Every structure is written in structure tokens, then in C-alpha cells.
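S.K.: Dumping the structure here so I can ask a few things about it.
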């Protein structure tokens, strides 16, 4: 095995799958892109994210209908309180936090197979309860509380999909294709948003005669229920395949503390960690290779460190915490209880080198989602600020609002995701995340400084570009990095924590956006988003570049180093070490 120092170098074409992988590299690819098994994984997990995005963002298109139906919008005296609007908009994100933490923990504790699919059951039940809102509920506020309660439940199911799909995809992908597959799955959020816009336009077209010709706006009561109810179809379709998904072999090995590969680690003294004395780096671009390939790699990368073939440590195997019976035995005497405890989540993150990765991943996601959801959950409000709320009647206003959302989705939202899919293995995660933060920062600065004077076309272009660089930027990488930077034994819960922090930012934005817009104006709210983008770019510097990073192998090497009395496997004197390994 070798470790290449250049995180952006070309991967060997003959790279073999990870030892415990379910997908064979030699399998014929569909259209030269993905294998059949990868396509199945993308369909099962990707459909879930399409559904997740649809459910999360459809409230953006339903909210004006709720204002018309229940808050006097049809009488010309609309009074949809910003506080209640914010709570209803934030409901799914509140549930997301619960679901991400709960299912992330359960995914690590019980296993991926036991948990996967259960979150979709919650989504199906919650969606049915949402569309069954009783008309006999007397007050608009009570109706909104019904929607709030069951959209929280919906959010729990949607939230559970984040850590589970991320962990399963990461553990069942080739290491040099992992980022692209994770980004591909996450990109289905773009299609979900597009589906919401298209579905709304089709539904409105079906109701054109009663709404536009006869002015029977009570029919909107059926429109919003259909908007929510459409999500049931993909949810039911994907449920059975998820329940039948096999356990990740990589995860099973991580939980089997006495697996065959574990014994190899007891010979940790045979790992050539003496290279640290020569100031050589371990944590860089990781590739699995045959002995001959490793030798070739070493010639190109003289700083690589070897594991002897007869004592090969499988990257996907769980780390052993048992004391060595070789030359390191004396160093581990009296430490056995600490080592055994070290397999737990708390013990893993009590070390600063691990804790800072969790902090950096979580904080960057938090800062991103303040701006990302501030824009997306209130895109209809923003379109109104741009003049998209004008029309002959309510029907045309709703139609124009959906068209505006559709244009932004097509112009910036979806292309941004797919540029990430294409370039994530070329540019690396860290660079994409930082440039996305900085360009969004620039765009928000332009909008904030010129909001009162810039033309409608200029506003629209800036918002569309911001959507592009959100997705060709931190919105994609904040999902990918936690799935790659943590080892399998803590991956799902760690990803859940990071995602939950992101949703905390989304909730904060959803609750405060409308109120702050009323108090300080929309332009000044954009200055807050500007600050979040600057902070996000700075926080990203904490994180390592995760392209081709094998977190399980790093975990095992850290344990081997610990057994030899070493505290780190990183050479900070290496050129660009601050970028490769984080500051």
C-alpha cells in the first residue's frame, strides 16, 4: 500500500476495490459511467434525496397558498404572521435535527441494514397525516400547528436519510470514485427542487378553470394537499429496496473487534512507522494497490509509508484496541482498559485531532445553512422583492412564483450540483468548498450593497449565481466531507451531528429571516449572509483534504502509532501540510 502526497494527482487506472467492498471495479459500466451495482445504489439512495429535497422545499411554494386560504389573502387583507410562517417553514428542519442525531446513532449502534428504510416509513406516515389536515379545525393558527407537528415528524424521517445514505454510499464505493458518487446522490436534491416547481405548475394548470376562469379559490385547498401528497410515490417505491439493503461489509468489520484482520494489527511494530523520523507524511492521498503498484507509487512519492505485505492492514477493517503481543507489549501494559474504551464515540473524539474535524465539519455546515436556507426557504419572498408577485389574479401570481423558482433551479441550482459531481475528484473537496463560500460572499455583498438600486434582472442573476456556487461549493462538500473524514465505527453518528448543526443554522434562518427583513430590511439581512460565508471559508481551513483519504486506514495507523508511544502520524514540516491535513 502506498500513500501519495499530491491530493490532486491522477489515480491509477488499475486500482482494485477495497478488500471488503461490495462493488467490483472490473464490472461493466453503464454508458461507461457507473456499474450496475453502483447504479442501484445511486437509485436507492438518490431517490431518497430527491424526495427529501422535494419535501423540504415544497413549503416554499405552498406558503403563498396557505396565506391565501387561511390568512385573508383572498380578501385582500393578508395577515400571515411572520412568526407563524417562520415556524411552519422551519418545522421540517427541526425534525431533521432529531432524525439526523437519532438515526445516526442507531446506524452506528445497530448497523446500517437494521436502520435503513425505517426513516422512509416515518416519511410516508408523516406525509399522509399532513395531507389529512381536517377542515373542521376552527382557527388558522390551529391548522398551522397541525402542519407544524407533522412536518416535524416528516423532518425526522428526512433527517435520518442524511447519515444513513452518506455512510452506506461511502462504505460501498471505490475510494477514487467515492466523492463523485456521494456528490451524485446529493445532487438529487436539485432534481427534487425542480420536481417541486414542475409539479406545482402542472397542478395549477389542472386547476386553471376553477381558479382562473371561475375564481373558485377554495379549490386551492386541494392544490396544496396534492403538492405534498405527490411525495408518497417515490417514498413507497424506494421503501422495499432500502429494507432489503445488505449490511455494509466495511461497517461489519469495524464492529467485529476480533475479525481476522485485527490480529495483524497486533504486529503493529512491523509497520514501518520509523519513517516518521525521516519527516515523512502518512495522511495524504490514499490508494490501495498491489505490491508492484505500491513500489511504483513509492518511486514517484518518496515520502510514502509502507505496510509490509505479510502484515497488511485492511483499510476497511476495524481498528484493534487490544495490546500488542510483540515488541510494543511493554508499552501497552496497564493501558488495556483505555484502549478498549477508545473504540467508543466519546473516546475517539476526546482527542483534539479528531474533535477539531467534527467541529470544523459541523461549524462550516452551520454557517452554510444560515444563508442557504435563508435564501431557499424564503425564495418566494425574495421573488416578491424582485417583482415576481405581480399578476392579473391570485392564480397568475402563484404561477409566476413557481416559474421564478423553476428558472432559478434550472439556471443555477441543478448545474451547480453536476459541476461538483464532475470536478470533485479533480479539484478536491476543500478547494471547492472554499471557493464556493468566497464567491457566494462576493455575490451577497453585491446584492446587499446595491439592493435598492440594482435592476430586477441583476438581482435575479445574482441569486441564480449564488445558487450555482452554493451547490458547486459548500452545499455539496459539507455533505461529502463528513462521510469521508471519519472512520466507519463513528461515521453515521458523526455525519448526523454535522448535518444537525447545519439544520440548526437553517432553523435559525427560517425563524429570524422574515422578522429581520421587516425590522432591518432585506439588504441588511444579506450582509449577515455575507459574514457567514466569510466565516465558513475560514473554518474550512481546519479540515483536511479528503480526496482519496481512507479514514479507516488512518484510524488503524494512529492506533499502531499509539502502541509505539507516538502521538501523531502527521509530519507538519511537509510542504502544504496545513492544506492537506488542516490547520
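Glycine is treated like the rest: Cβ placed from N, Cα and C.
These figures come from a predicted structure and were not determined experimentally.
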S.K.: Have a look at 114-134, 261-281, 282-302 and point to the one annotated transmembrane segment in Swiss-Prot.
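M.R.: Spelled out, Swiss-Prot records transmembrane segment over residues 114-134, not the other listed ranges.
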S.K.: Out of 330, 337, which residue gets the phosphoserine annotation in Swiss-Prot?
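M.R.: So the answer, going by Swiss-Prot, is 330.
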S.K.: Between 15-35, 309-329, 519-539, I'd like to know which one Swiss-Prot lists as transmembrane segment.
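M.R.: Based on what Swiss-Prot states, transmembrane segment spans 519-539.
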S.K.: For the transmembrane segment (184-204), which partner among 220-240, 406-426, 493-513, 519-539 gives the most CB pairs under 8 Å?
M.R.: 406-426
S.K.: Between the transmembrane segment (357-377) and the transmembrane segment (114-134), are there at least three Cβ pairs closer than 8 Å, leaving out pairs fewer than 6 positions apart?
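M.R.: These two segments do not touch.
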S.K.: With pairs 6 or more apart in sequence, are the transmembrane segment (431-451) and the transmembrane segment (144-164) linked by at least 3 Cβ pairs under 8 Å?
M.R.: no
S.K.: Give the one range among 144-164, 461-481, 519-539 whose Cβ atoms make the most pairs under 8 Å with those of the transmembrane segment (493-513).
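M.R.: Going through each listed stretch, the top one turns out to be 144-164.
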